[in-house]
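Only one structure is covered here, and it is reproduced in the block below.
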């Protein structure tokens, strides 16, 4: 019995209704309770504020801090009161219950009322968010409060501010909703039980009736009736009784039908026996086929006709007829002709090729609509004689190609036809087939009568062959006569065509000669024009053809600017017989020089000697000049006109080749990069920048000789090739001369511009073989000069290449260091100077290459910052710190305090850093208060307000911030006050000079004093001697780190330190300032 689906649908409906009910009631109840509690809290806050303001007005007005403080402290015990604050009319705080200081949001609200006058108690802020308290159970309350303000004498005497804790409201609402939903759940359970009992009493009888209906559907009437259900006096009982009556009636009906079927079967058997007797006595063959062409029945006459030994039932039609090839030929004849009518009305009798049994039956059966295509049948026209050869198909090569096209026209397939077949003994025969289709119970069967017509077909074939031979002979003779007549007519027409073509060619040549745009000429080898066209005269500047023929006595002297080129032209003509695109400098009549191009050939006489030259002449002056301009643009800078990088490399290559040929030949290359050009270009505009580049180009040309090369590589980069430079001093003198010229001020419009250049110098040595190597080393030297400051030059040496290769190797290995797990973190303790206790640790990155040992951070960190790899490495370090904190916590080790993590400038200003840190903290479960990010002072100075925004976002996450290397930048006191930092670190350079440098002591004293007055934590790094530690403690510094206490150690070694004795302390260190 199947499970009831009615109960499941009802239960799901109840669940949905209950969910909607619970959600609506919860939302409405929560909103109602929230509104009532807010009003109650507002009333309570207003009552307290009035009580404080009216209790002792003289103390409020007289700023009696002790009396006011004692008065407001007694209200902290009232339920819901988070804080109380009293301020005067100027917005200054008189007394408060916060510890230790008033939070910034409250201070801003109080300050906003300075000078404001109001007469009524006001809810100044309905929802005010406060930071968590740093100590003590009182003051500060919760995270969200309702801020109420009571004016004293309309605000002249001050204000009383009350903070009501909103957390109590949320707790009460949550409890009320929970109780209400518990009652709703109990009510739902009771409804579900009641629904189950009701539905079970209905669905169980219905399922029994369903099972009984399925048995009746398969004619199983043996199942007993469901008596309990039939006796029920309800709708289910009526349905059960109706089902029982229907089952009984169906049983009787089925039994009657079975008796009728048995009687009809007996009658059909008798009829089939009579039909079989008739078929067996027929003289013609008979077979019955299914839709696939397989024989279902046949008679004895068919077996005798084809010499079959056994009953062919179950075989295919083609197999019965002895078709051994994949196709058979059928030819229409007499009244059973398969005829086509062409477009001109001619009747033709094609041969039809049938590809399979089904196609054979379809061909004989035909289509009901004339012209309907038949699948598997293709036709070909008869041979030239018009007779069709009747022959059996005995191999695939004798058949017609499958898919051969039928002739154009409309064909009609008949229901009878003649087929060439093969008997069992291999003798061919022709049979006439008559096919009738009958459809029985949706299946179409074929009934085919077969008659042997072999003798008749042989007589017809002999007649067709004789007729065909006669027709072929007549057509052959007719074709021979037609060919002879056509040949005579063709020869006569060709003669007339040749004469007309000659006349047209002469006229066309004359038109081309006279109107051609190119010059056409005939000349003697000695240099005389025989004939020219008008275009030739125009090109050479003459008025007409006759003037040119009379005015030019010698082509070499009158046309060629260089007569030697005429001799070269004649030599080529005599040697090769023709010239193509022979260009030379020509002279016009007025003396103007132009570029000409000649295509000509030599015309020999009967004896092989040259008769004359003939050809075409074209003015190519414009193309030649365009080519020269393109070549100049390809190798020169369009702005300054200097050679570009391509031409400069080409001249470097030639200099290298000269140096390889001449041992005493030397040269030098200078690579220049303008300082501050980007500032000038961005501030004054690109027009001023372009003008400055032109001035610099002119100055560079003035500083070198004509044999030297000055090139512009692009942007503000230039190259100088100094030829014949015997010593290094020569190149240095040129560099100094360039530096001095460029340092002079330049007036560009209304602007006076100053610029300098950083110069890299490379001297030619045997180790250079390509221009790229020279440019590379000059570029390296230039960057070394730029690192030392502006307006410097540097001569390349071997150490620069080694340093560049070393940095490249570090960069390459650094890209895979994280993947190879070569990076690891060490931790250096931060110690309290007063008692030697562990205050925290600083995470420091270490790199040990698989091949090459340890690499100092001073080496790989700058490379990582230059290449941008510092972002991924910094992310790895931050994640590793969070994971290590989790491992220490899981191992049950005491926490090491706050972990300092260095954040590079590139990583700090990366978009989305606060969000990425938040995701990392959630993924690793790290407490943000255990982390302190260290950012250098230079990063904050460089990025300004953008950096402060990022720091504020990190501070909101709960992460502490430290200003690293403090004192090395140029930040002002006012700027420092804006930074949301918790601590500052004194740079190790100041700590190192404490013992012997009074200026260093003064700087450290100022830094400590500044930090303490701003409420910041002071950490000194690089402490290495006890004297330094004592001096720092005496100056008021509370924390230090350095090798005096411990070097950076691994996480495992640090874990062992956590339970060790305290680090060395200063004993009675002095501490100045308040709480940090």
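Note that Cβ sites are derived from N, Cα and C of the backbone, with glycine treated the same way.
Checking TrEMBL for transmembrane segment across the ranges 127-144, 145-162, 163-180 points to 145-162. It is 415-465 that, among the stretches 415-465, 580-632, 665-798, 807-1062, forms the most Cβ pairs under 8 Å with the domain 'PAS' (271-311).
Beyond the ends of the transmembrane segment (12-31), by six or more residues, the same chain brings 173, 176-177, 180-181, 184, 188, 191-192, 195 to within a C-beta distance below 8 angstroms of the stretch. The average pLDDT computed for the domain 'PAC' (580-632) is 89.
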